[in-house]
Amino acid sequence: MASAGSTARRAGSGSWHSERGEGRGARPQPTPSGSMQQANKVSLKATWTDAESKQPSQPLPDLADHLSAQATALARPRRPASLTPPRADPSPSKESDQTAIDQTAIGSYYQLFAAAVGNVEWLRFCLNQSLREIPTDDKGFTAIHFAAQWGKLACLQVLVEEYKFPVDLLTNNSQTPLHLVIHRDNTTVALPCIYYLLEKGADLNAQTCNGSTPLHLAARDGLLDCVKVLVQSGANVHAQDAMGYKPIDFCKIWNHRACARFLKDAMWKKDKKDFAREMTKMKMFKSQLTLMEHNYLIEYQKEHKILREAAIRKWLHGKLHPGHSLVSNTKQARATALSKTPEQRESQRSRSFHPSVDARLQCIPQPTEMPKPIYRKPTVKRPTMWNVSNNPARPPTTQISHSQGIRLGVHPDPTPEHDFSSFLEVRPDGHGGARLHTVDGHWVAPVPRLPFEVLLRMLYPRVWPYRMKVPQGFYPISMREVPRKRHLGDNTFWTDTLAMNLRDTFDEAFLAAVRSHQGLPTLPSPQTNP
C-alpha cells in the first residue's frame, strides 16, 4: 500500500490537477450523492492486484473524495442521448436509465483512479466496461493525463498501445501528457515516460494556453536531464511563451545555472548551424541574381539597339526632306515624345542610370554551366630510366629558373565580389531581414533569412569594405580625444598623501618635511572605543 499512501499524500498537498503553469489550487470538496455512496461501497471491496499492494485497501480519503466529485461531474454533462430518452412521467425505464448513468459515472471514476495509482489490471477492467467515448473530468483530464501526471509508465503503455489513446490529447488548458509528466515531483520516473511518449510521436513543441512548451516547464523546474532529452530530440530552444519568455529566461529567473549553461550552448550551436545553412543559400541566391542581372542587361541592350536604329532611321528620313522647316521638326519631335507610352518613358528614364551597358556586361561574371564528367580510360605510365649523365644538354633538360613573385601577405588575396548596387535596392522589412527590389520593378523572393547588415554587406561589397568587418566597431579617432592622465607637479598634495601612506610611523623629521612642503593635511580624528 506504499504507492497508494504516497498518492494520498500527494493528493492532499495540493489540487488533483497540477496545472503546471497556472499553480496548484485548493482541493475540491466531495459531492455526496447516491451513485458516489455506491462507488465507495464498491471501493471497500476492491483489492489491489499489483505486486506492491497485496492487502485489501481502504479508500484514499483525499483522492477518493476528489474523484467522487469528478464522477458526479462526469455523470451530468456527458450523459449519452441513448440513455436519457425524453419522457413526461417517471417510469421504470427512466429509473433503469438513471442506474445506467450512475454505473457509467462509477466506471469513469474508477478508470481515472486506476490510471492515477498505476493499477494496470484494474485499468483494463474499467476500460472494458466503459463506453467507446473517452471520459473526462471538468478540466478535460482523461486517464492518459492522470497516468502521465503521476508517472505511471505501465498505464501509459496500456492506454496508447491497447486502447489507442492519442498521445497528444489536450485538456481544457491545451496540456498534453508530455506537459504533465514534466514536474519536479516526477524526477525519478519522468525520463522513461518522456522517452516513451516521444517514441510514440508526441509533439515536442506543443504549447499550452499560455504558450508554454515542455522545454519551458523543464527549464522552470531545473530538470537538467529532461532538458537534455528534449533538446537532443529537437525541441525549439528559441520558443517563446505568451509573455515572450524563452526557456533560458526561466533558468535565469529561478537560478538554475546548469540548465542555463546547457541551453546557452544549445542556442549558440543552433544559431551557428542556421547561419551556416542560410549562408549556403546566400551563395546560390547570388548566382541566381547574377543570372537575372545578366539577362536584364542583354534585354536592355537589345531594346536600346532597336531604339537607336529607329532614331537613326528617323534622322535619315528627316535629311531626305530638306524643304521642311525647323519648326515642323520641333513639332514632330514633340508629338513623338507625347505619343510614347508610359512604359517607354520609364524604360528611357531607367536607361539613364546605365550609361555603359557593354562595360557592365563585361564586369558581370558569365554564368557557367557545370561541366559534364567525361570518363577517360586510365593509362599506365611506366617510370623512365634515371639519366645518369652529368651533361645538362641531354634530355630531360633541367629547368631550375622560375619567376618568383613578391608577396606582401601570407593569405591569398580575396577575389573581388560582384556588387549589385546598380541592379538591386535593399530595404529593411521591419523584422530584422531585408526586401529586394530590382530596377525593372520586380520583388525578389524568397530572401535568405539573414540579418539586414549581413545581406547589405554581401550584396553591396563596395559600400562595406572587406577589412572593416573585424573587429566590430573599430574606427579612427583623434589623439586629442584620448583620455590622458593628469600631470602631477611638486605642488600637488597627491605626492604627500602617497608618502604618508607608505610610512609606518610619523617621526618629527618626516612631519617637518611635509610641513615645509605644503603643510600638514587635515587628518581624521581617531575613533575612541565606547
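Keep in mind that glycine also has a Cβ here, set from the backbone N, Cα and C atoms.
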Ranges 363-382, 383-402: which does Swiss-Prot label region 'Disordered'?
383-402
Overall pLDDT for the repeat 'ANK 2' (173-206), taken as the rounded mean:
96
Which residue counts does DSSP give the repeat 'ANK 3' (210-239) for helix, strand and coil?
17 helix, 0 strand, 13 coil
I'd like the per-state residue tally for the repeat 'ANK 1' (139-169) from DSSP, helix first, then strand, then coil.
17 helix, 0 strand, 14 coil
